[in-house]
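Colleague: As listed in TrEMBL for this protein:
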- 65, 69: Cu cation binding site (BINDING)
- 470, 471, 472, 473, 513, 529, 544, 548: ADP binding site (BINDING)
- 714: ubiquitin cross-link (CROSSLNK)
- 350-585: domain 'Histidine kinase' (DOMAIN)
- 611-729: domain 'Response regulatory' (DOMAIN)
- 659: 4-aspartylphosphate (MOD_RES)
- 20-41: transmembrane segment (TRANSMEM)
- 53-72: transmembrane segment (TRANSMEM)
- 92-113: transmembrane segment (TRANSMEM)
């Protein structure tokens with residue numbers, strides 16, 4: 001009989017329960033075997049899972065558990081010992097693997113927890129990024145609104161348009177029920193309601209600027225929520241509304257504004273603030289958001305900048321208008337001054353001509369009278385008339401020179417001349433008067449004073465003559481000393497510093513007298529026209545006339561300085577001036593040519609038979625000029641008009657004297673017509689000389705441009721006419737210094 005190793009059950013099995021256990025173990029085994037397959041697939045597909053070996057170990061545990069349940073299927077019936085050993089081995093292995101897995105999970109769980117922590121951190125970061133993205137989108141939206149508002153605000157520089165546009169755009173962008181702007185009044189103690197969103201012309205409502213709510217808003221640059229019932233927020237009717245909307249206020253800096261007035265807005269030179277109030281719709285649950293408040297703050301700053309730009313533009317436009325008004329006024333004044341100068345010049349030209357015509361007659365006839373047989377008493381009277389006439393002519397020249405000095409048309413006529421001779425000639429002119437007054441004049445020329453210099457001989461002579469003449473005029477006794485020297489380099493004078501150069505030097509002339517003297521406080525007045533001082537001598541002798549005034553202008557024109565020194569009344573005075581002169585570089589031969597010519601004597605001049613034509617509209621002047629020429633032996637023909645002159649003039653006439661009355665162009669046309677008449681016989685054309693009383697340079701220029709051969713300035717004496725004819729016939733051209 002075979003031995004059976006089967007294990008008998010301890011109790012009889014319930015067939016139905018055994019059947020269910022059998023089926024359950026079968027499905028458990030299948031499930032245990034499928035789970036490792038799924039884990040293997042997961043490990044294979046997951047490239048970043050850090051615990052693959054744990055999954056392998058866990059898969060082994062599940063496989064063993066499944067094998068145990070599978071082997072257990074054979075234990076429900078009689079089974080052999082082999083089945084029992086396999087079952088026991090599977091359970092032991094399952095126990096070992098399960099214990100190892102449990103121990104391993106003890107070490108893995110903290111890591112898994114840290115992973116969970118990181119997962120939560122990442123989730124929080126993701127949420128924070130979402131919030132930041134929301135803020136960025138909000139800021140972008142706010143920025144878009146700000147750019148839009150800024151564009152609308154900056155589209156104009158009119159302050160009223162800026163403020164009204166700001167309220168309208170804020171109301172549209174933020175869906176406001178009301179928006180208002182409060183401006184400081186002229187006194188600066190109140191805020192005045194100037195602009196509102198819903199009212200075109202708001203009521204001039206004012207509130208004190210020291211209200212706590214206003215101080216609160218002005219104390220910060222941020223937008224501040226204020227009570228809907230505050231004085232600055234009572235801008236809307238409350239009837240039927242049980243809940244007022246939230247109100248925000250923000251300050252608007254008024255930056256460096258000046259003369260910027262809106263409804264009696266004050267002139268602001270310090271930093272002040274306006275108040276902007278914004279109200280949300282009533283009966284709504286809407287509240288102010290952070291980005292909306294930021295939008296309001298940015299817009300307030302942009303309005304402040306736009307207002308400052310508008311103020312600057314208004315100031316610049318006001319300054320431009322003022323400048324334009326000033327320019328118009330200056331242009332009008334300039335035109336009036338030019339008209340006055342032209343009128344003065346025309347008057348002087350007319351008066352000069354009208355005065356020189358009788359002076360021409362007096363001097364010419366006096367000089368002719370001198371040539372006749374006279375008693376000593378008659379000769380003295382004629383000489384007195386001639387000297388007085390010359391002095392009057394000098395005064396006329398002074399008036400004209402002063403006029404040209406004042407309008408800047410006078411220019412220096414530079415040339416080489418003998419400086420030593422100039423001083424001696426001036427003293428020779430003054431000595432007759434000084435001899436009468438018994439005033440000795442002493443001339444002292446420094447040894448290093450150059451003999452020949454370059455400068456305006458005529459103007460320098462006039463300066464010295466005026467100063468020495470005044471010294472003789474205002475001195476009753478004593479003596480007069482005239483000293484001329486070279487001013488040393490670095491020498492100082494009142495308000496002047498002498499700096500000579502290699503080609504120039506400064507001449508210093510001192511004229512000292514022992515006359516009545518001058519009060520120091522009266523010295524500045526001496527250089528004004530027709531100045532009067534308080535000294536008795538001056539009053540008895542008359543004023544200083546134009547001499548010193550013209551001399552000062554001549555000295556300034558020569559880049560020099562003039563001043564007077566006196567210790568007081570009865571102590572005499574000394575006039576000193578420095579003028580800039582050039583150093584002559586000509587040879588001795590050329591220097592000799594700079595020496596003034598000695599007038600030809602009647603014995604050397606022979607004009608007998610010289611045919612001369614004289615054209616002059618003035619009968620007296622025509623007769624006087626004819627008398628001078630006839631006395632010199634000329635055969636003279638006179639005419640009174642240009643037409644008669646053209647008809648009479650012929651090749652027999654050697655010289656034609658034409659009176660040029662006024663500086664108009666039509667007076668010079670006669671010379672062109674004479675040139676046309678002698679076009680085919682140019683060598684037989686007579687010399688054309690203008691007789692004029694106009695001393696301006698334009699007269700000389702016009703004479704040259706119209707083909708005249710010379711200009712002779714009235715009045716003309718006999719000696720002057722003799723010299724003129726000699727030079728004219730010798731050089732065939734004559735232009736006196738004018």
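Cβ atoms here come from the backbone N, Cα and C positions, even for glycine.
Annotations in TrEMBL come from automatic prediction, not curation.
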Colleague: List the residues of the same chain that sit at least 6 positions away from the residue listed as 'ubiquitin cross-link' in sequence and have their Cβ under 8 Å from its Cβ, in sequence order, or write 'none'.
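Modeller: Looking at Cβ-Cβ distances below 8 Å from the residue listed as 'ubiquitin cross-link', excluding near sequence neighbours, one finds 356, 357, 359, 360, 621, 691, 692, 693.
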Colleague: Would you mind giving the whole-number mean pLDDT across the domain 'Histidine kinase' (350-585)?
Modeller: 78
Colleague: Under 8 Å between C-beta atoms and at least six apart in sequence, can you list the same-chain neighbours of residue 472 (ADP binding site), or say none if there are none?
Modeller: 430, 433, 434, 437, 439, 441, 480, 513
Colleague: Per 10 Å Cβ neighbour count, which of the binding-site residues 65, 471, 548 ranks highest?
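Modeller: Counting Cβ neighbours within 10 Å, the top one is 471.
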Colleague: Per DSSP, what is the residue tally for the domain 'Response regulatory' (611-729) in helix, strand and coil?
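Modeller: Output for the domain 'Response regulatory' (611-729) reads 57 helix, 26 strand, 36 coil.
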Colleague: Sequence gap of 6 or more, Cβ distance under 8 Å: name the residues on the same chain that satisfy this around residue 659 (4-aspartylphosphate), in order along the sequence.
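Modeller: Non-local contacts for residue 659 (4-aspartylphosphate): 615, 616, 617, 618, 621, 622, 690, 691, 692.
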Colleague: Going by Cα-Cα distance, which of the binding-site residues (470, 471, 473, 548) sits nearest to residue 65 (Cu cation binding site)?
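Modeller: Closest by Cα distance to residue 65 (Cu cation binding site) among the binding-site residues 470, 471, 473, 548: 548.
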Colleague: Over all shown protein chains, what is the count of other CB atoms within 10 A of the CB belonging to residue 69 (Cu cation binding site)?
Modeller: 21
Colleague: What is the interatomic distance between the Cα atoms of residue 548 (ADP binding site) and residue 69 (Cu cation binding site), given in whole Å?
Modeller: 146
Colleague: Rounded to an integer, what is the Cα-Cα distance in Å between residue 471 (ADP binding site) and residue 69 (Cu cation binding site)?
Modeller: 155
Colleague: Give me the CA-CA distance between residue 470 (ADP binding site) and residue 69 (Cu cation binding site), in Å, as a whole number.
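Modeller: The Cα atom of residue 470 (ADP binding site) is 154 Å away from the Cα atom of residue 69 (Cu cation binding site).
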Colleague: Please give me the CB contact count at 10 A for residue 470 (ADP binding site), counting all chains in the structure.
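Modeller: Neighbour count, Cβ to Cβ under the 10 Å cut-off: 23.
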